[in-house]
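First comes the structure, then the notes that go with it.
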Amino acid sequence: MRIAIIKNSNAQSKLAAGLLTQKLTKNGFTLDTHNPDVVITIGGDGTLLGAFHRYAQQLDRVRFIGVHTGHLGFYTDWRDYEIDDLVQALLKDSGQSVSYPLLDILADYEDGTSSHYLALNEATLKRLSGTMRTDVYIRDNFFESFRGDGLCVSTPTGSTAYSKSNGGAVIHPRLDAMQVTEIASINNRVFRTLAAPLILAPDEWVVLRPEPFQDYLMSIDQFSITPQLVTAIRFRIADERIHFARYRHMHFWDRVEDAFIGAKQ
Ligand code: NAP
Ligand code: MN
């Protein structure tokens, strides 16, 4: 088994990565950052997001494992003091994995070019100065004219991140769904949006046709892009999925409770 270790820059992560490297080589694993079978991230959920983008072209061949150096995260099943248990689990690996949906984003520009992205958490479109105005289409049918700060389209695993801050629902990642949430929409007698999160079915897509301003900001997970003049952005559930090597099961709702509610009395 070829393993890549991706760590963030904090001292605890470097320490854990050193220890893991040592134990993996001692147990006969090969370290390979170019063509790994398994990518182990050490840091937080953000570290896993970074590794996802680094290996986005190899998603059908790679399984991910997240080690968290702080509290447990949503993409991280292991803590840094469990390195020994993780190596034992890897030695007994039988290829077990779980997979989750991703978001496919296609942006068309006025000059006829387009760009394509995959997101693990979400993509947003915002305007840097002034109100964002965009028409929203569902399955190519006009749905609403949005005015406000922006719109966020998220995956089920991304539903506990930015989307949740926008009042979105937390979605179990076994559902193949895509959620649209509003970022500060303007609603009055003149402007009207749904003003509620929208959860779409697997075969549906959303298209934004923003007014032609130059100052949009598009975010794909932790990355920000200032695109050239956008004519349309289409969001749909991707054909690709992300695979995690899952050696032990933690119920999704336990994770949600642990992250957001904390110890019960
Ligand atoms: P960050 O600023 O460290 O992320 C903000 C927080 O979101 C961190 O605590 C991060 O956990 C957590 N997080 C990331 N993915 C999550 C998920 N799927 N479920 C629950 N929490 C999650 O930046 P980052 O680590 O590079 O993460 C980028 C993400 O930040 C974006 O994809 C977006 O979802 C989120 N974000 C949120 C807001 C907002 O809520 N207003 C604004 C911008 C971005 P770790 O500490 O474990 O990394
Ligand atoms: Mn982070």
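Numbers here mean position along the shown chain, with the first residue as 1.
Placement of Cβ uses the backbone N, Cα and C atoms for every residue, glycine included.
Positions annotated as NAD(+) binding site by TrEMBL: Asp45, Gly46, Asn121, Glu122, Arg147, Asp149, Thr160, Ala161, Tyr162, Ser163, Lys164, Ser165, Ala184. Of all Cβ atoms in the protein chains displayed, 19 besides its own lie within 10 Å of the Cβ of Lys164 (NAD(+) binding site).
As annotated by TrEMBL, active site, proton acceptor applies to Asp45. Over all protein chains present, the Cβ of Asp45 (NAD(+) binding site) has 23 other Cβ atoms lying within 10 Å. In the three-state DSSP scheme, Asp45 (NAD(+) binding site) falls into the helix class.
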Largest tally of Cβ atoms lying within 10 Å of a Cβ, found at which of the binding-site residues Arg147, Thr160, Ala184: Thr160
Sequence-ordered binding-site residues from Asn121, Arg147, Lys164, Ala184 with Cβ under 6 Å of an atom of ligand 1: Asn121
Cβ neighbour count within 10 Å of Asn121 (NAD(+) binding site): 28
Site extent for NAD(+), whole Å (max Cα pair distance, Asp45, Gly46, Asn121, Glu122, Arg147, Asp149, Thr160, Ala161, Tyr162, Ser163, Lys164, Ser165, Ala184): 31
Reduced DSSP assignment, Asn121 (NAD(+) binding site): coil
